[in-house]
Structure formats: C-alpha cells, structure tokens
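Copied from Swiss-Prot, the annotated features are:
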type	residues	note
BINDING	Cys44, Cys46	Zn(2+) binding site
COMPBIAS	380-390	compositional bias 'Acidic residues'
COMPBIAS	391-401	compositional bias 'Basic and acidic residues'
DOMAIN	22-105	domain 'PDZ'
DOMAIN	144-357	domain 'AH'
LIPID	Cys414	S-palmitoyl cysteine
MOD_RES	Thr82	phosphothreonine
REGION	373-416	region 'Disordered'
Amino acid sequence: MFADLDYDIEEDKLGIPTVPGKVTLQKDAQNLIGISIGGGAQYCPCLYIVQVFDNTPAALDGTVAAGDEITGVNGRSIKGKTKVEVAKMIQEVKGEVTIHYNKLQADPKQGMSLDIVLKKVKHRLVENMSSGTADALGLSRAILCNDGLVKRLEELERTAELYKGMTEHTKNLLRAFYELSQTHRAFGDVFSVIGVREPQPAASEAFVKFADAHRSIEKFGIRLLKTIKPMLTDLNTYLNKAIPDTRLTIKKYLDVKFEYLSYCLKVKEMDDEEYSCIALGEPLYRVSTGNYEYRLILRCRQEARARFSQMRKDVLEKMELLDQKHVQDIVFQLQRFVSTMSKYYNDCYAVLRDADVFPIEVDLAHTTLAYGPNQGGFTDGEDEEEEEEDGAAREVSKDARGATGPTDKGGSWCDS
C-alpha cells in the first residue's frame, strides 16, 4: 500500500512520547515468549505488541507491555515486514531472544474517554438484567457479567439479614430477661418483708428463705445479661463493620471489572472497524499513521486487566476470610448463648429446689376463722362503716320527729 507513495506517511503519535530500549527474554518450553503482535505491512508502518499473556517470559519480565512498538529482533530491523514474518523471526531463535522496542509512555487517563464511560454505564445496567431482557433490548452481555462474586454479594446480603435478625432477637430477649429479673427482685423484697413481720419463727424463716431464692434468681439473670451482652457487640461488629467493608470492596471490584470490559469492547469495535476497511480496500487513517489510538487502548486494557485481576484476588481472599469468620463466629456465639441459658436455668432450678418451704404454717387471729354459734359472721371494715352510717341516720330522723310534733290524720303537721 505504501510502496506506491513517493513520501513516508508521518506517524500521528497523539502527543504520546516513546522511549527506545531492548530486552532479552528466555523462551519457555514451547519456544514462546508470550506476546501477540499486530500491525505491520502492508497497512500499518509499525509493528506493536497487542497482548502480553500471563505467566509467560514476557509477563514475568515485565519490561514490554501492550502497545509497545517492536523495532527489531536480535539486532535485525523489522521495518516493512508483516507480523507473520516477525513472528517467524522470533520462533527461529532458540533459547534467548533480544527484542528491540519503543516504549509507549502512555497515560491511562488519555484512554478514559466519554465512550469508555458510557460503556461502563451500559455494562452496569446489563449486569442487573436477565438474558432475555438484554437480548430484547439488543444489549450484548459480556462473558464476565455472570460473575460468581455478584452471587457472593447476594449471599452476603442474606447473611447480613440473618445477623440483623439475630441482633434484634437477642436485644428483645435480653430486655425480657432484665424485666424478669426485676420481677424476681420484687418478689424477693415482698417475701422478705412478710418474713420480717411474721411472728411465727418457722414461717418467718420460710418466707425469708423463699425471698433469698428469688433474689438469687435475680442475680443469675443479671449474670446472664452480662454474659450475653458481648454477643451483641460481636454481632454488631460483624454486621456494621465487616459486612459493609466487604460490600464496599465488591463495589470497587465491580467498577474495575466494568472498566476492563469497556476497554475490551472498545478494542473489539476498533478491530471490527479495521477489518471492515481492509475488506473494502480503503486505508484507515489511524492505522496508516501508526495506530497510536488503538495502541493506547491496548495499554489501558492491559492495565485495567491487571487491576481487575488484583482486585478480584483481594475480594476472593476477603470473602473467604469473611466466610470463615462467619462460620466460626456464629458457632461460638450460639454455643455461648446456649451454655449461658442452660447454666441460668440449672441454677434457678437448684435454688428453687432448695427453697421448697411449702406448706407454711402461720398463726392467724382467733376470730378470723371462727364460725361458732356465738360468733357473728365475718364482717369487713366497709360493712361496719355502713352500719354506723345507718344508725346515725336513724338518730337524726328520730330527733327531727320529736322537734316538729305529730302529724294529723291528713298527714299535715300540727302544733302540739
């Protein structure tokens, strides 16, 4: 394509500087260094690295990256060669191979365009859609949309609801036990007063013993509250700190994942554009001027992928630790709860068993339960008050009649 031109096409570097260098890589057992190559004759004036594969000599060395231009292999220039020819040159070398390159000094912020931001929004929307809805709207779903970590996030939300329910139930239970302990304390005070005022020594001792039993139960209840209360603190720590921190980490991971998917989609679109122009036989400006825009997106995609991999690793580790803590913590808390409740009920049973003082014999007044013929019926204070009021009314009526005199046959009053 460029052979017909009488001049060289100037590269459009988009203001991105390059730094020359070289690196010697030791090939692996498959005679590979772990890079894929793009560009080259006849459509692009330069060859560049499209991708550096994981766990390969090039990736482990870390010198070259996606978007870097390859200028030579073992001191031999590759200008004007195709990517297939350059790949064969690298394969022909056994053992170590020296790659000459121009390092692309790209700033990832340059690749974060409005198009990438819109693609991130699209991926975020598609993430929460079903496959049928996405297909109906004509939205493509990336392969990482059905991410297992998203399901782990849903499980985390269910765990948070479980802990929230346990916390509320424990609070209500502790409140009920506190009120119950106050009731036992009131019982103890009442029976203690009765025992102190009881003149019969045996009955007094029985009432005091029964009062002490209720006061002991109140102490057992307070001890139960002090033992179970730290359980609320541990549950709240897990619910209000560990789970929100993990949830925030997963949200950061999703943001990085959507950014990586956006760059992948952008690379796919640019590849399709390039293939379409090649099929039509029309030169593409960015390709014929060094394809720097494409190489910038390749670099951004590689760095986004590195962040995505690291973030995914961190999230998986944090989720694993959180799951282990959940299993261990829930078992420990339930064991502490059950053992504390068991001890409380056993202690209460032992105290009440020792305080078996019934029936209690008490001395009542001799007239209280006397039903003989010489004894009148039992009257309480209200009946006595009513009798006194009736007697007073009769006295007043008698005095009134004596003062006014008798009545005549017609019922009218007459003077005496």
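A Cβ is built for glycine as well, from the same backbone N, Cα and C atoms used for every other residue.
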> Between Cys44 (Zn(2+) binding site) and Thr82 (phosphothreonine), what C-alpha distance do you get in Å?
Replying inline: 9
>> Quick check on the binding-site residues: of Cys44, Cys46, whose CB has the lowest count of neighbouring CB atoms inside 10 Å?
In response: Cys46
> Cys46 (Zn(2+) binding site) to the residue listed as 'phosphothreonine': how many Å between their Cα atoms?
Replying inline: 9
> Hey, what's the Cβ neighbour count for the residue listed as 'phosphothreonine' at 10 Å?
Replying inline: 17
>> DSSP on the domain 'PDZ' (22-105): how many residues come out helix, how many strand, how many coil?
In response: 15 helix, 34 strand, 35 coil
